[in-house]
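See below for the structure under consideration.
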Amino acid sequence: MGIAAVSVSVGGHFWGGLILLLVVISRIIRLGNRATWIVLLVGLVIFGGHLWLQEQRLDRRQLPILAPAQATELAVRVQPDAITIRGALYYLVATKVSNGERVTLRGRLTSAAQLRALQRVHRAEVWQITGQQQRLLPATNFNQFDSAAYWRHRQVVTEIKVTALTERTPAPSHWWQWFSDWWHARRAQLIRYCEQLPGALKVYALGLLPGAKSAESMTELQGMQRLGLLHLFAISGLHVALLLAAAEWLLVHLRLQREHWEWLLLLSLPGYWVLAGASSGVLRACLMRGVQLAGKRCAFHLSTLDTWAVALVVGLWLNPGLLFELGGQLSYGLSLALILLRTESWWWRQVGLTLLGLPSLLTGIFQWHSLTLLANWIVVPLFPIIILPVTVIGTVSFAWLPALSRGCAQVLGIFDGGLQRVAQLPGNVLFGRPFWWVAWFWVGATWWLFSRPAGKRRRWLGLLAVSYVVMYGVIHYPPDGEVAYFDVGQGDSILIREPFNRHVSLIDTGGRLALPQPKWAVAPPVTYNAERTSINYLKSRGIDHVDDLYLTHHDADHIGDLPAFLKHLRVKRVLVPAGMEQEPGWARLLANSATPVRVQPIQVGSPVGLHVLHPFEAGPADNSGSLALQGTFGRLNFMFMGDLDRAGEQKIMTAAPQLRTDVLKLGHHGSKTATAPAFIAQLQPHLAIISAGRQNRYGHPNPETLATLHEAAVPAMSTQTSGMIRYVYTDGRPGKWQTKLISKGHARDNQ
């Protein structure tokens, strides 16, 4: 655990890691064992040195944040199972031939022939590519999943956008690469085989056997995700333990000598780790079984807790960020709970597993279903006797008895449909994201609770429940309000949240123009950027509704993600510029709403929450008819210009010659078609906000607009360089500005 403390401290939670280290030291002091002190110190020195050298190497490879992409031409080594194809796009992680650095690649397929060629890759290859390389961008919105940190834990800090794949040749396989190459090739074959399976069997087989995701997985497994059952897949490694147990049973009944089959199984575990997807859960399960077998063969007895500790040390050596990831927390945390709570009654064991997993779930996905305990009670026993066997039988029988495979798919489909229906029952609690130290307190308090005699736990269990209720109230009724400009790329999305969440308004949803897919490409499922940015942030703050959703005009970069909001949140009212309600094109975006949506057209003089400055009459909802809005929050006056052009600005100046503002969100992402010098001169803003995408093809913000601001001595902040920008205030007091990305280019702590 001392090594885990160092990993946590270096990974970003210094105080949390320090507290954990102090707990470990206090425990060793109570033991009074000198040998334990020596082991701890040696382990800390070795692991700390390894971690320091690794961080230094990654820092040297890492390009400056937000720096322009650099043209590059290089050779990369590609494993066949690393290639993921979505529509006409492909993604993978490859290794530079020149120095062994791992990089992420993304590119666009140009023909059906190229699509077929990548689908048929069956062995390691060397690709000659040209493209643009840049640093992986960290999370640019508060409480957003940080993919750059995720990949850094896996020794990846650079991404390359491939512009041309000029040559593909078989990769030479040296003696130290042969073993890995062989297993990666087998995994690619298994993935291709599983992708042909029918219905729900395809999703379950891909998740449980090669540890891969299908395009349908997010749809098929929604019920399992809402009920907190995803740990049954590769997250926990439970299926690995079951499959290994089945393999041992088969080897025993084949009359092989125990010594022979144990050595065979031990030597096969590294390959199986690759075959099963190399996730943290799979690694833990393989390591624990491997250490047990090795100890038995070497006549060295190790307890289950010892094997767990060895698995944790090796896991942290390979992935120092293991304990910052939901999968790692659930896999190692729940497996430790199963070991330490094995003497408890069934009821207390289930309570313990729920309480120990809950802080990770609330920190990672912000919600919890009250039926989770019941679902685990029913589903977990079914997993080894029905779900996993049906998946294996359906997969194996597909080639020679497809009727049986289809029957297995129907069984899994019925099971999955039942989970989805249960997940739709009332009981889902959108909790929000607790402070990190509160989550740590809950974990520590739960372990302390189970150190008490069973008869004395109920009172402490009640106090622990009270702490959850208090944290729920703190999240859902915060004394501060905010005006937040989300970083949604080339688009707009602005949150206005009043103190204690009295009223929640949103101006635009962001979105992107959907490019048509070539006829030869299979269209991927529709996804929305808002689910990872603005909606994710709202859920992290415990917000499950929007009182007023203003849509400034009909462009896709402002309203394209509306279906996601209607699906995930209760939207009480949608307000649009007068005339837009008559346009048929945008109405299709309302189709995903679970309840009827009230659409209200507004114009100057309409009695709504924000003051409407434009339009003055009904008209087309293009840039010239965009909404312009105004409101005062935390002693500052804010104006939100949508995509309004200079002609619209002139109308506002003519109608309100005394109009002033403190904070101006520039129209049309800083385009020269908006933000006239006369408009800035009249408004006299103290700060300008620009919402625009990085390296966008339009050149926003335009140099002419920036010059206008400079001449008027108006400072500006842009989501391009600052990420999400928010102004946090309390009633009657001035607020403070916060940005997700700071000047040095490092992300702020989300909390």
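Every residue gets a Cβ built from N, Cα and C, even glycine.
Given the structure is predicted, the values throughout are model-derived calculations rather than measurements.
Now, the feature entries from TrEMBL:
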{"type": "DOMAIN", "residues": "490-694", "note": "domain 'Metallo-beta-lactamase'"}
{"type": "TRANSMEM", "residues": "12-29", "note": "transmembrane segment"}
{"type": "TRANSMEM", "residues": "35-53", "note": "transmembrane segment"}
{"type": "TRANSMEM", "residues": "227-251", "note": "transmembrane segment"}
{"type": "TRANSMEM", "residues": "263-287", "note": "transmembrane segment"}
{"type": "TRANSMEM", "residues": "299-318", "note": "transmembrane segment"}
{"type": "TRANSMEM", "residues": "346-366", "note": "transmembrane segment"}
{"type": "TRANSMEM", "residues": "378-401", "note": "transmembrane segment"}
{"type": "TRANSMEM", "residues": "434-451", "note": "transmembrane segment"}
{"type": "TRANSMEM", "residues": "460-477", "note": "transmembrane segment"}
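Contacts between the transmembrane segment (434-451) and the transmembrane segment (346-366): present, as 3 or more C-beta pairs lie under 8 angstroms, all at sequence separation of six or more. With a cut-off of 8 Å on Cβ pairs spaced 6 or more residues apart, the transmembrane segment (299-318) and the transmembrane segment (460-477) reach fewer than 3 such pairs and are scored as not touching.
Within the model, the domain 'Metallo-beta-lactamase' (490-694) carries an average pLDDT of 93.
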